[in-house]
Each structure stands twice: as structure tokens, then as C-alpha cells.
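Reading through the C-alpha cells given below for one structure.
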Ligand SMILES: C[S@@+](CC[C@H](N)C(=O)[O-])C[C@H]1O[C@@H](n2cnc3c(N)ncnc32)[C@H](O)[C@@H]1O
């Protein structure tokens with residue numbers, strides 16, 4: 001069997017050492033198309049955690065509202081949003097290489113200019129690359145729910161994470177979360193309601209209707225097939 005070497009495929013997920021991670025990097029196999037996408041399009045779309053603070057104006061060659069999405073999965077909904085809102089620039093962060101490959105492949109074929117991606121741990125990217133008060137919108141759709149109680153500490157939505165995100169949002173910027181796991185939705189609501197820098201657009205303690213700008217995601221459809229509900233949470237940075 002052919003063993004993949006770093007020479008065959010030099011693109012690696014970037015992260016710093018930490019004790020608790022919100023993900024496990026799965027050894028999911030990449031399709032030939034996803035693999036080729038890195039050679040064809042990583043140079044156009046890829047950003048590195050190790051390049052330090054992001055200068056969005058320089059990267060996109062214009063001044064435009066900036067949207068950041070963490071955990072875009074296979075990337076179809078993020079690509080649809082970038083296509084639907086050409087007046088905004090989009091940054092996606094994902095640790096799963098096949099999803100990154102799929103997104104940059106489809107973006108490259110469609111000639112999308114308002115999108116860039118990090119293949120890295122989002123917490124590291126937030127800390128090292130995203131300037132304070134630079135985001136107009138932040139989105140996190142169907143993050144891994146970590147069902148078992150003993151794994152709840154791995155859930156990415158925690159008070160400290162939300163505080164970090166708030167520091168990256170502009171005043172008036174939107175924070176949009178969605179999940180198909182009721183217990184996680186309740187946890188998100190509790191954490192967001194307790195953050196004084198945020199105001200719930202739906203009214204205190206309320207979930208929001210799905211805003212027009214969010215397409216259905218792959219994980220959302222999977223949840224629906226399993227009979228799950230969907231909870232959107234939409235807050236504004238004070
Ligand atoms: C359940 S999937 C949802 C994917 C997509 N948003 C959707 O709705 O179809 C969660 C994704 O978040 C990614 N993820 C989890 N923790 C992350 C982190 N710290 N940084 C970047 N991506 C992360 C996982 O690799 C996974 O692809």
C-alpha cells in the first residue's frame with residue numbers, strides 16, 4: 001500500500017500545543033481532487049498561522065466588511081455565502097484537510113476572490129492572527145457537540161472563547177452560532193447571555209430564527225435526517 005509522505009503532501013494542519021482541543025484530526029482520506037486542489041489553489045487561498053497578524057486590506061486588496069467562520073467542515077455553505085455576499089470578505093478556519101481541499105477546489109473553479117482559509121486551530125488563529133475589533137461578523141455552525149458529559153470540556157463554546165471572540169468583533173458586529181444538539185444550545189445560550197459585551201438580537205434568553213444569510217449546512221441536513229432540531233443564536237457586540 002502506498003504510504004503518504006510529507007514530500008507527497010506537504011500541507012499540514014497548523015496548531016500550537018494545548019491541553020484540551022475541540023477536535024481530533026481524523027485521518028480521513030482525501031480524494032484525488034481534494035489533494036490536487038492544494039497544489040492548484042493553496043497559493044491563492046491559503047493563509048498561515050505562522051505569518052502573524054492578518055492584514056485583510058492587503059490580502060483582499062480592498063476595504064470591505066470581514067466575516068470569519070470557524071469549523072466550515074466541507075465548506076459548501078461558506079462558499080455559498082461568499083458567492084451570495086460579494087461585498088464582504090470571508091475568512092474560514094478548519095482543521096480537517098479534506099474539507100479545506102474541497103472548499104479551495106470549488107472556490108478556485110468558481111473564481112471566488114473574497115475568500116481565504118486557514119488550515120489551523122481556530123483558537124491559535126484568533127490569538128495570533130485576527131486583529132482586535134476587526135470582524136463585522138463571526139459564525140460558528142454546528143460545532144462538534146461532544147455528547148458525553150466527560151467530554152463537555154472539549155466544547156469550543158466556553159466563556160473564555162466567547163470573550164476572545166468579542167475582542168475580535170467590531171462594536172455592532174454580529175456573533176452567530178447554530179447547533180442541532182439541544183443540550184449544547186442551552187449551554188451556548190447560558191454562556192452568551194452571561195457575556196456583558198453581547199446583546200441578544202432576539203431578546204434576552206431567546207433563540208433566533210435562522211437569518212436569511214445562513215444557508216443550510218451539511219451537518220444541519222444530517223441532523224435533520226436524524227430528527228434533530230436546530231437552534232440559532234444571534235448576538236450583537238455592544
Ligand atoms: C460538526 S462539524 C460542522 C461542519 C460545518 N460547520 C457544517 O455545519 O456542516 C465541526 C467542524 O469544526 C471543526 N473544528 C473543530 N474545532 C476546531 C478548531 N479549534 N479549529 C478549526 N476547526 C475546528 C471540525 O474539524 C469539524 O469539521
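Keep in mind that glycine also has a Cβ here, set from the backbone N, Cα and C atoms.
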Worksheet item: Quick one: which of 180-199, 200-219 does TrEMBL have down as region 'Disordered'?
Response: 200-219
Discussion item. Check the DSSP secondary structure of residue 144 (S-adenosyl-L-methionine binding site), expressed as helix, strand or coil.
Written reply: coil
Discussion item. Any of the binding-site residues 69, 144, 217, 218, 219 with a C-beta atom under 6 A from ligand 1? Give them in order, or none.
Written reply: 144, 217, 218, 219
Practice prompt. Provide the three-state secondary structure of residue 69 (S-adenosyl-L-methionine binding site) computed with DSSP.
Written response: strand
Worksheet item: How long is the line from the C-alpha of residue 180 (substrate binding site) to the C-alpha of residue 144 (S-adenosyl-L-methionine binding site), rounded to the nearest angstrom?
Response: 10
Worksheet, complete the sentence: Between the C-alpha atoms of residue 148 (substrate binding site) and residue 121 (S-adenosyl-L-methionine binding site), the distance in angstrom, to the nearest integer, is 22
